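Residues or ranges marked as compositional bias 'Basic and acidic residues' in TrEMBL: 684-695. Per TrEMBL, region 'Disordered' is recorded for 669-704. Summarising the annotation, TrEMBL assigns transmembrane segment to 26-45, 51-71, 83-105, 111-132, 153-173, 185-206, 265-283, 314-335, 347-365, 606-626, 638-661.
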């Protein structure tokens, strides 16, 4: 007799299962929240490759549940499958965390460890996905159906709680804790690994209390075998045998008519699944393209707090918890009072429209976001900005160019980069200051960006050209460099970043610093002239050049903004998250309910497998577009929105021809058909039918 909780009908064993699920979901979503930025900033992959690998991993996570279900139902049973694949899961997390330690090998080693870790994690999380919820349901006696239903509500609440907390916490661990001289990805991956270890330990501790059922065969495998036999038999015998009403009828000589009829019901629903991957192609970009969009936005909410770009994903989990009761208790009842017939398939179509609108909103945001981005120079051209450090206006003339017609004032912050021809040969400048003209020569390479520094000496004006980095920082933080005009070296520290600045108009490298007000930055020099610098606000997404010059016996800072700060606030992403979450509520939840109501009880696992495959193929679509399309980001968002609207039209047409099945009649009809077959069939067929009935009974606990 299983132990009960405090005199209720709830088994004590479900506590271990719920805690296990919370920790596992924290582990998975916490790791996944920082994954795109890990590819981008740690492995130094470009945005398209980062997006492609992210979605390849997501896709694998939804292909492997089918393998996990087959192992559990046909070989090991749910308990052993959860234990063994959780060990694989833990190993994957540990390998992934070790790959994020900079001192462990070269970049190739980091990539190899990361990929091996992700593959193991995909097999672990996907393999246990169909087992844990079903194993929890197995703990209840048949007469405690209401308690089992409440358990599933608690179970899915733990999933959302783990997702919400992890997407808030792990980005903070990544950015706020510095290790090995940068963002601490080792810790951001290590904490989810520790939570997965806790999940495994907790689940194992409860092993003495679990009700365990031996593996009894898998209905999904039975369905696939039946379909395969029907296709094979039709191919062999259709030339000389009479035609069947349905191609599945070719399996009648080996499989029962009841099973064939149930497969026909399932296939009617699975055909409707064909357009569904496009919804998931949009939905799963929250962790990839939308996170990358966040890095180019202003993430400060005044002086109160700052949000990390990979934390915005927590809005989806938060809004789901908010919207589900609102839709169930308010919106759907109000629609019913208005006598509007909103069928499940219509709800799903409306959900697609909301997801498309979300990407329309993302497109509008992206168009504004790119306004602060410096476009790279085209082929045969380069970019140039000029810093005038002379004590007065300077005139600059470039032969064959009408740029810089107006004199350049002293210490003017250039408004933008100018585009120059870049032939790979020396280009001569004529610089005039106080009526005296000097000439400078420099070779410019195409598609590069440069700063031309004009400074005075005894002979007139001297020129110094330095290369510029015009891309915005991948993690959204500001970039900073110093130009030291003094005849002595200077040391300064900005936040936790130290700069050593050689003398005589030397330029330091760009370094990433935290966003914030730097009104009293300490500095030191041998002459004692440098003690404190006022850098002002270093804002998100900007790149700054700070020129150190002497004034009134002290060294002071003059700040130039090479790349403009992010001008669009991250709060403008909220509408697209709201629209997408509304779409998820109407599409995903309704879709699962519809699927389960339209097929016999023992076929639920087949539909669950089909549903998970739509998620997997949706991620494959993103992978293909990210690597193959080569579009500007706003155009890519618009493409996805347009594709989903087109798919929505196709789905609506398919839904219009679908005839709903009364779920209350499904099992009744099945039992009647079974009874008629048992009267008509011979003894061998009756035996086979008996096996099918056993299969039906155990199918209720088989969830993919």
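Heads up, residue numbers simply count up from 1 along the chain you see.
Placement of Cβ uses the backbone N, Cα and C atoms for every residue, glycine included.
Automatic prediction, not curation, is the source of TrEMBL annotations.
Just so it is clear, the model here is predicted, and its values are computed rather than measured.
Ranked by number of Cβ pairs under 8 Å to the transmembrane segment (83-105), the listed stretches 51-71, 185-206, 347-365, 606-626 are led by 185-206.
Counting Cβ pairs under 8 Å that are 6 or more residues apart, the transmembrane segment (111-132) and the transmembrane segment (26-45) reach 3 or more and are in contact.
Between the transmembrane segment (265-283) and the transmembrane segment (51-71), fewer than three CB pairs separated by 6 or more residues in sequence fall under 8 Å, so the two stretches do not touch. Only sequence-distant pairs (6 or more apart) were considered; of these, fewer than three Cβ pairs between the transmembrane segment (185-206) and the transmembrane segment (638-661) are under 8 A, so the stretches are not in contact. Most Cβ pairs under 8 Å to the transmembrane segment (606-626), among the stretches 51-71, 153-173, 314-335, 347-365, 638-661, belong to 51-71. When each of 26-45, 314-335, 347-365, 638-661 is checked for Cβ pairs under 8 Å to the transmembrane segment (153-173), 26-45 comes out on top. Within its own chain, the transmembrane segment (638-661) has Cβ neighbours under 8 Å at 265, 268, 271-272, 275-276, 278-279, 281-282, 285, 343, 345-346, 348-349, 352-353, 355-357, 359-360, 363, 597-598, 625, 629, 631, counting only residues six or more beyond its boundaries. Non-local neighbours of the transmembrane segment (26-45) in the same chain are 51, 53-54, 57-58, 89, 93, 96, 100, 107, 110-111, 114, 121, 125, 162-163, 165-167, 169-171, 174, 183, 185, 188-189, 191-193, 195-196, 199, 287-288, 291-292, 295, 309-311, 313, 317, 474-475; each lies 6+ residues outside the stretch with a CB under 8 Å from one of its CB atoms.
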